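Residues or ranges marked as domain 'Cation-transporting P-type ATPase N-terminal' by TrEMBL: 112-188. The transmembrane segment annotation in TrEMBL covers 171-190, 196-216, 353-374, 394-424, 881-901, 917-934, 954-976, 988-1008.
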Amino acid sequence: MESYLKDQFGDVKPKNSSEEALQRWRKLCWFVKNPKRRFRFTANLTKRSEAEAIRQTFQANFRVAVIVSQAALQFIQGLTDYKVPEEVKAAGFQIGADELGSIVERHDVKKLGGHGGVEGIVDKLSTSITSGISASEDSLKRRKEIYGVNKFTESPPKGFWFFVYEALQDMTLMILAACALLSLIVGIIMEGWPTGAHDGLGIVASILLVVFVTASSDYKQSLQFKDLDAEKKKISVQVTRDGLRQKISIYDLLPGDIVHLNIGDQVPADGLFISGFSVLINESSLTGESEPVNVNAINPFLLSGTKVQDGSFKMLVATVGMRTQWGKLMATLSEGGDDETPLQVKLNGVATIIGKIGLFFAVVTFAVLVQGLFARKLQDGSHWSWSGDEAMEILEFFAVAVTIVVVAVPEGLPLAVTLSLAFAMKKMMNDKALVRHLAACETMGSATTICSDKTGTLTTNHMTVVKTCICEKVMEVSESGFEIPDSAMKILLQSIFNNTGGEVVNSNGNGRKPEILGTPTETAILELGWKLGGDFQVERQKATIVKVEPFNSLKKRMGVVLELHDGSHRAHSKGASEIVLANCDKFLNAEGEVVPLDESATNYLKDTIEKFANEALRTLCLAYKDIGSEFSAESPIPIEGYTCIGIVGIKDPVRPGVKESVAICRSAGIVVRMVTGDNINTAKAIARECGILTEDGLAIEGPDFREKKDEELLELIPKIQVMARSSPLDKHKLVKHLKTTFQEVVAVTGDGTNDAPALHEADIGLAMGIAGTEVAKESADVLILDDNFSTIATVAKWGRSVYINIQKFVQFQLTVNVVALIVNFSSACLTGNAPLTAVQLLWVNMIMDTLGALALATEPPTDDLMKRPPVGRKGNFISNVMWRNILGQSIYQLIIIWYLQTKGKSAFNLTGSDSDLILNTIIFNSFVFCQVFNEISSREMEKINVFKGILKNYVFVAVLTCTVVFQIIIIEFLGTFANTHPLSLSQWFVSILLGFLGMPIAAGLKMIPVGSC
């Protein structure tokens, strides 16, 4: 079966599957009882293609509209008189939402100019570039009433009755309902009401029970996904309101808000550029054009849903929600859904195979039962005369055959995956991991390699400058800073407070520590400036920033050009120590004077960098260059000829628990590799502290790795444990080789915009929830909400739990399938009747399908899961261990039921007219209790102790209790409808004992070695 599943259903990947592969497996699943339910959590390829067509049409129309609008502007003289709507005036504003929308949507420069440019729009929106809008409740309420809220129209959530209707779409249940109706009509005609209605009402009641239990399970599942979707949409942005910079949800944005955006952010609403540097916007999501657009004072238009590819800037929000281009696009698109997971596809394959076998057995069973009836009538010579009882008998045979299909087609198998994933995803939220794609949770259980960032993932990301080397002197940084010559201090503070992506706010100058905004690295450097007595606002006023090149992981440096009061310009550079130092040809000596950087000084600085790095400190080099008065904003920032101000050493301690988590991963057979942009000595020191770098491990730098040939990489990659000074392309190359050449299942962490390719390429992309950019988060499969490596280990444990839980459920369900099929088929062939009736089989189907999935697919993970090797890319889903348990249990149950069928009457001394009914009730009861105890045995596929932690799983205990209680009710009180007879205490004891004996049998089976494949 495994090879068939791999051949026919193995083309679907955890992500980025081709449409051909998705279409192929759907065609193979031709026998499906309830397509709506079975394929609910698979991609709707029809809707997806429709959505893509709509998107392309929208993009084409939008491009044309912008071009036409811009061309038409050449012929328009001035601005036609704009009349402010009365309600807008009454609310205290001077421009309406539609007018704002037309300016931004059409890139209408002339209309914008007619309103006084961006400054004019700011005034008309009653806001301020420096202070933002008022955060008073009344002011915000008025804005919402006039301009709307920043939310998109969403389809209403599906209610409980929708899932009831969906469950009723089951083809076999419809046929059974028709049988029940016929049974009711014939029964009432033959025997009158209510006696003749019992059989039909029994089937109807069973169908309704199945439908309502199924609908309840599905509805609860949909609520879990709804909660997860709400979590995925939680995006915060920094705005200025009431003069204070603060974080708010993008859904709380209003026109007039001043938003601060950086590289990797998503533009949260349509708006206008206020100020910023080197801004490149990727508008491909709206226009389909891959070429980034320069946004500046000349072209100030920003569109919701686009991405900041480079730069940092302030933006004025103009239109929000459904008035934005992105909102209009989202409203026209139908959701195509997530791609199905490989496990869902495999289980659809299993369900299809068993369904075909079940259909064959059902047809043969029906044929044998009808043939038996015909044979009896031929013997009696009454084959030309048919009574109502005989018609009812044929109807019952047909109902049994249909119910065999109900039981045989394990419709719940693919849905059990979704149930288990939904349960795991909900629990993982509590463990600080947000799963964005279903398949990631499942794939993480097979992970064999984790490529982790260092900063913020393995370390705390709470950075402090603890050492510096300035003016040829290495100094510890105390609370009061350190002493250096005034000239050096002046240039150092100018560099710290101007060449930064951070900001100091609420600086009140009374000695209290100010609030510092920015990345942890920027915060550490700005805190150093504050300790040295510097003032952010004062330093900013001493010079004008002309050009900024924000930090990115390719250049590993950032730069700024200042215009000083005398009209001259000065460039500042900050970044990776070796890279910035290599661009310097001068440095500050002990007196703070600028002197040439000779070989001895270079060696001294390089030794200092290495010494800091060996102490696990991140090192940055600060440098400057005077460039005269000829510089313009269009000119590139110089690369060479800098004067080295000094080296700073930043302490970023290892997170508590990381060493233990790395050890857990190692014992689980998962190789942890550190991939960082830091200095190699810093990386090695941290890697040793975390337990990643071992004696036989290799640490390599990105540039060296890049130059290696494929043959060298074959030998090198298995040994690599640390890659330092790596670029995003190095990370991408490492991931690709691990996946393709070494067939590893790779998980990769990332936080920057440039990490997106590696996150996309990896089997599981893990983005940092705190430090990660929106671009990185969008490319990721899982968000690590606390940026902690220990959480990644937890995700791996939950992934394994999902995989194992599904295996347990499959083992349990296949056992029931095999036994129910063979019992009814063999009985029909040998005795001419089926011991398990339609109502009984429907109850068994519910035990093994919905209730079994709830019990086994929601088992929480144990620490033992991380003591076994990973499944990897080539592992068999239905393993030898599962086949051993399935066949062993099936044989035991078949022997028990066959013995009861052949020797049951004599064993229980059954005589009289009710003997057949009592015997069939004992068989049914024994069969159900075999499943109850088999469910307990299935909690562990290899371990004998199956009771460990059972009471902690409340769902499991509740399902078992409900099954037993309802079984008692069916036997003792619902005999008329379920074709059962109340049993004596001794008969109950034997039924339960026969079920219980399956547990020692299961324990004995687990001692038989079969290998793990």
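Here the Cβ of each residue, glycine as well, is placed from N, Cα and C on the backbone.
Between the transmembrane segment (881-901) and the transmembrane segment (394-424) there are fewer than 3 Cβ pairs closer than 8 Å, counting only pairs 6 or more residues apart in sequence, which means the two stretches are not in contact. By the Cβ criterion (under 8 Å, sequence separation of 6 or more), the transmembrane segment (917-934) is in contact with the transmembrane segment (954-976), since 3+ such pairs are found. If one looks beyond the transmembrane segment (394-424) by at least 6 residues along the same chain, the residues whose Cβ comes under 8 Å of a Cβ in the stretch are 31-34, 37-38, 40-41, 170, 172-173, 175-176, 179-180, 182-183, 186, 199, 203, 217-218, 221, 224-225, 228, 341, 343-344, 347-348, 350-351, 354-355, 357-359, 361-363, 365-366, 369-370, 373, 435, 438, 441-442, 798-799, 801-802, 805-806, 809-810, 813-814, 816-817, 820-821, 824-825, 828, 834, 836-838, 841-842, 844-845, 848-850, 852-854, 856-858. Within the model, the domain 'Cation-transporting P-type ATPase N-terminal' (112-188) carries an average pLDDT of 84.
The helix, strand and coil residue counts that DSSP assigns across the domain 'Cation-transporting P-type ATPase N-terminal' (112-188) are 48 helix, 1 strand, 28 coil.
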